[in-house]
Structures are given as C-alpha cells and as structure tokens.
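Please read the structure below before turning to the comments.
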Amino acid sequence: MSISPATLAHLPLLLLLLLPTSSLSKTFLVRVHHDSKPSIFPTHKHWYESTLTSLSPTTTTTTDQTPSRIIHTYDTIFHGFSAKLSPLQAKNLESLSGIVAVIPEQIRKLETTRSPEFLGLKTTDSAGLLKESDFGSDFVIGVIDTGIWPERQSFNDRDLGPVPGKWKGECVSGKDFPTTSCNRKLIGARYFSDGYEATNGKMNETTEYRSPRDSDGHGTHTASIAAGRGKGNFQKFSGFNLARLAAYKVCWSAGCYDSDILAAFDAAVRDGVDVVSLSVGGVVVPYYLDAIAIGAFGAADAGVFVSASAGNGGPGGLTVTNVAPWVTTVGAGTLDRDFPANVKLGNGKIIPGMSVYGGPGLAPGRLYPLIYAGNEGSDGYSSSLCLEGSLDPKFVKNKIVLCDRGINSRAAKGEVVQKAGGIGMILANGVFDGEGLVADCHIIPATAVGASSGDEIRKYITSASKSKSPPTATIEFQGTRLHVRPAPVVASFSARGPNPETPEILKPDIIAPGLNILAAWPDRVGPSGLPSDKRQTEFNILSGTSMACPHVSGLAALLKAAHPEWSPAAIRSALMTTAYTVDNRGGTIGDESTGNSSTVMDFGAGHVHPQKAMDPGLVYDMNSYDYVDFLCNSNYTTKNIQAITRKNADCRGAKKAGHIGNLNYPSLTAVFQQYGRRKMSTHFIRTATNVGDANAVYQVAVKPPSGTLVTVEPEKLVFRRVGQRLSFLVRVEAVAVKLSPGSSSTKSGSIIWSDGKHVVTSPLVITMQTPL
C-alpha cells in the first residue's frame, strides 16, 4: 500500500465499524479526530474520499459494487463517515498507527391507556410533575425507530405554542410525507436508509416508504407513548405530555443498521433534542464495539438523556441489553389492567386467558370441538407450533386448535389455523415463557394461556379423547378489567440481569409499563401486523420493553422541563432512587413468569414513580470524565476509551483512586470471587448532591444483604445549601457461602438516606461466585 506523506500528516484518528455484507465488500464506520481538516479539501466529505482513494487507488469508482463508497458523514457526536470497503482496505487501515479499532457492526431489532393514572399523573393536579414542568412543552424527544404516521390525533398540535427557538431540525420530505406533515407537535422528521441499502440493495418502495412515514407501526406506537396526546377515552400517560417530538427513522424490513442509527444520533443531537428514546436492541458487546453505546455517549456528553429498552429476552438471566452506564435501561412491568379471555372446557373448568381480539366472537353458550395441533399434524413438532403449512384441514376444520408458542409470531399461528379451517385458537406458553400472558389483536377468536394452563388443557384433551365425551371448549371474551391486583408485576419477557458486560453496574435500571400498552397505530398496517390483516385502527395494543422505554423518555422530558439544570445522570438518579418495589397488595413486586417475588435483577431499582422523581432530595450526579474513569477501571485501553468518548484518557489517576464499582451510580453492586477465601470485603464511594431543601440533614439506614456486614461513614450528611455535594463511604464484608464450582449466589439490600421528607434509596447487590 502506498500513502502519500501529505495524507499521512493529516490522517484522522479512525474508528472503523465493520458490517459483514459479502465476500467482496463490507460496511465500516470511520471515526475521525475532530481537529481541523486540511485546507486543501473544501469539505470533510472530500477529505474522507481522498483518504479512501489513497488507500487503494484501483478500487475508487463510485458504483454500488465497489467497496469505497461513502454512506454517511457524521459531524456532531461522532466525527467521521461510513463507507463500503474491501477486506484489503480494512486490513490496511487497521495496520496504521492512527486507527483506534475495527469493529463488527450489528443489525439491530425492535424490542416490541391506563398509564397516567397508574403512574400517578393527572391533568387536574394543582401541583406535581406535570404542573411544575408545564407538561414539557418546550422540550424535544427524539424517537429513533421505524418512523411515524403523522396524521394520528396523538400528534396534533392543538393549543401548542411556537416551535422552541433552539430547534435546528428539519422535516425531511419523501414518499407520502410532504414537509407539511410536521407541525408544532411533530417538529422534525428524518430518515436514514443508506446503511440498510448498502447491505441489502435498493429498498422495495412498494412495501416501504422512502421517507419518515412508518410502514411498520412500532415507531408510531413508541412515539405516542413518549409524547403523544390522548383522544376521547384513550387517556394514556402520553396524552398529558406536551413535549415536542422528532422522528428519526432507522429501522427497515431487514432491521436497523448501526451506520444509520449512528447517523440518527448525530442528527438528533445537532437538531437540539433533549431526550433520545431508543426501543432497539441487539447482542451485548464491549462498549467500544457497540455503535449504540458510542452514539449514546456522544449524546450524554452533549447533555441529552438517552433511554433504551432492556430487551425482550426474559425471563432468563443475563439477557439484558443496552447496558452502558450512560444509558438508562428500562425493563417492562404490567399495568393494573388486563383483557381476560378465558377458556371454558367441556368438563366445566375455566382456564384464565388473555386477548384483545375484537372481531366476531364464538356463538354464546356453544362448545366447539377442541384439538391439540401437535396430535393432528404430519410432523408433531411443526404442527404443535402451528407453523405455516403444518396443519391438515381435515383434522382442523370447524375446531378450536391449541397451538404452542414459539418460532413464528403469535398472530401468525392464528392465521395458520384460519387457513386450515379452524374457527379459534388457544395459544399455550412453553415452560420458558412461564405464566406471563400477552394480549394480542388476533385475526380469529383466540386467547393466550400460561404454561401450566396449557398442560392442563392437553391433559383434558387426552383424557376426553379416550372417553365417550370428545374434548370441547369455547373462548369467553370479557373486555377490559381494571384495578387488577397484584400490579405492577415484572413482565415475563422483560430482559433480566446480571449485566453481561459490566456485572458491577446493575441493569436494568428501572421498569415502567410495557405490557399491553395502548398507543397510536398507522393506517395500512393491520393491528396484528400480518400482511393479510386489512383491518384499520387508530390505536393498537403492543407489549415489550419497546413500550416501557418511551414511558421513561417522556418522564425524562418532564423532569428536564421541571429542572433544566439537571444532567442526564441526575435525571436517571431521580428516577432510580425514588422507584418503588412494592405492588398494590403491599408485597414485593412479583415475577409474571413464575408467580413468585421478583428481584433487583428483574426490576433494577424498581418501578418508576414520577411524582417522587420530581423532588428526589438527593441525586448521584456524573459527568463524562466520571465515565472515562469507569472505562479506565474496566481495563479498557486508551484506544478503546477514545473509540467511545473522543477523550484522551490518562488512566493512572483513575485506577489509583478507585475501582469499577466507584462510578457514582445510584445502585451499588459488588462481585466477589470466593477462590476458597472465607471472608471478602470491598468499599464504595458515593457523592450525593442536594437538590432538595437548603438546610437538610440526611440520616442513613442500611438494609444489608443477608450474610454481609455493611457500614456507612459518615452516618449523617448535613447540607447547608442546594447544590452542595457530600461524599460517603460504604464498606461491605461478606462471608463465603457454599457453592458448587461455576455457580453464583446473589443477595440484595439497600442504602437509604432520609431527611424526614425525602427517601433516597439505592439497591445494594452482592454476588458470590465460585470459579470452575
């Protein structure tokens, strides 16, 4: 390879993000040190193109097949570009001294009311978060998702004032999306498809919009949760939030590509958003390999709060995603509302179920023949799951069919049953799904039942088939039920800790409503999401941490409006230290998958409590350099840290001053490797900032995890003024527990500061591990 001295002299500091596409070319994100570009180049793009040309002069045409085509340029939170490069170019770049890292890109996926009352938000309140924040009307939430359906009433701008003067964004026109689609509510809209098309070729514009318009529904739904407006009886939490919206469309039929996501982060911060809401996830990788973590750091560094979904991989452990400590990671809980649709068996037994099917029901009082699909198909496995083409119409016609959950979508199973002539479906959870029920908008009369209920129905079918009374059943749809107890409960699908990348940082941070959430929905997309579903609805019910995340995004905008001086870390701290862990029956928040109590690994600090978060008393604040110290103590190299933060890190001071657990986080987590030791100890240093009353004395109360001795020094914090910062030391001593090799044990407690008016609670989590 030949590179001229002039090029070497100005070679940028590069971060490369690699996306496998074919054996010939790959997509990279290229990070550039944000010093001045050489004056010989009129624009940064020309400079970047020149750098690519110098790497391999024989491969620098601009056709789609050649590897050196620039896809995006970035200039706000991430200085650089993305481009298609050949493996040789990538190798040559990686060998240069200015290169920070070569990173495999990921394709991300979407993490697919009564919220305001349940959250304690009412428009009639004379005080509280909504009143204090003026409903968030001057603050902007950027939703990075599948776009938006701007005509929905959730996005009307009735009674809203002018667009905030700080706003620098645009309403980008495109297919079926003129610039007039935006208004004083939806103040900005952009779309990013170049990364998607660099891998997949030109999009199919008969099924997708080359514009910010939503052809999926997910983005419209999440946007209306974050800051939509209620209509009629549909009074959602979002109906109260007058924050402005900006939609950034990055997700397409083949997924959400990192190069496009980073472009959206870059644009959102440049446009002037106050909050980024991201209901998109993927596998967990080190932060310097994670485009979402890198983009979110740049946003947080600019003072923008980032809320992200925890993922839907629950109820298993180690499933949580979007785990960077500068991101607020949100799991999903239930509301005190459900949609009962019970199964009545021929033996008179009633099996509880859940559904929001709204079409013609089954004949009242009539019982229908009932079969288990796994008993009737040519292939017991595929037929049990009601996969496409697996059901024989001669066994299914005019019957209710029991299908097992898994592989294909829940609504698609109903379509398979319908095609085979079935008249109804019962969808049974597998063992891993537990007892958690999701209400779906099915295309035939259908309901979902838990794993144990599925077992009971199968046993009934088996025994009745051997008797003179063949198995029969019906589904009884009972509409909406309110004031359900217990609530909240951690949703079965909600991803759980421990944090796979940094076990010393508790994730998820908090939970918020994410099960059966009612919000806006586009035209031209049936409520089941199936292509064959031609029904239209202005609102739809979805479940997922995708729905929980925008609740927190909306709350963050309200908190930022009430406290403009608060940093993203202060807002997260207020949400975490005021969260609650007790349900409406007075017990610990339960786990939907098991029916037992949940733990900090399921709900983090607890369920959000908006009114208390407005006045938390104390916050644990942080700035970007605190995160740099955290990365130093995570044993990241200087190059790794630069890849994430753009900052030159001298890790000597950070490592001398503390350890990874000393990040000023609102939760405290220690991991002890026993290695045959009988006693182990560690310490945490935390600094609390007074955001409550000028003269306040806080006394500590310790609830130690079982088997530990916990002390706090000092036991009293005496604040003389608002904004004053005081530090304290937490010492933890743990005694070894009996564990089999390779296993672990986690116990939790809490550190609670109170001045008699405010209660500031931090989870304290101790994990004991025995190596293999």
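Even glycines carry a Cβ here, placed using N, Cα and C.
Note that the structure is predicted; figures quoted are calculated from it, not measured.
Per TrEMBL, active site, charge relay system is recorded for Asp145 (among others). Counting every protein chain shown, the number of other Cβ atoms lying within 10 Å of the Cβ of Asp145 (active site, charge relay system) is 30.
Residue environment of His218 (active site, charge relay system) contains 25 other Cβ atoms, counted within 10 Å of its Cβ in all protein chains. Feature annotation from TrEMBL assigns active site, charge relay system to His218 (among others).
Look at TrEMBL and you will find Ser546 (among others) tagged as active site, charge relay system.
The annotation domain 'Inhibitor I9' is assigned in TrEMBL to 28-110.
Feature annotation from TrEMBL assigns domain 'Peptidase S8/S53' to 136-586.
In terms of DSSP helix, strand and coil, the domain 'PA' (368-457) has 30 helix, 21 strand, 39 coil. What TrEMBL records for 368-457 is domain 'PA'.
Sequence annotations record features per position, and here TrEMBL assigns domain 'Subtilisin-like protease fibronectin type-III' to 662-766. Assigned with DSSP, the residues of the domain 'Subtilisin-like protease fibronectin type-III' (662-766) fall into helix, strand and coil as follows: 1 helix, 66 strand, 38 coil.
Per TrEMBL, the feature signal peptide maps to 1-25.
All protein chains included, Ser546 (active site, charge relay system) registers 30 other Cβ atoms within 10 Å of its own Cβ. Model confidence over the domain 'PA' (368-457) is summarised by a mean pLDDT of 92.
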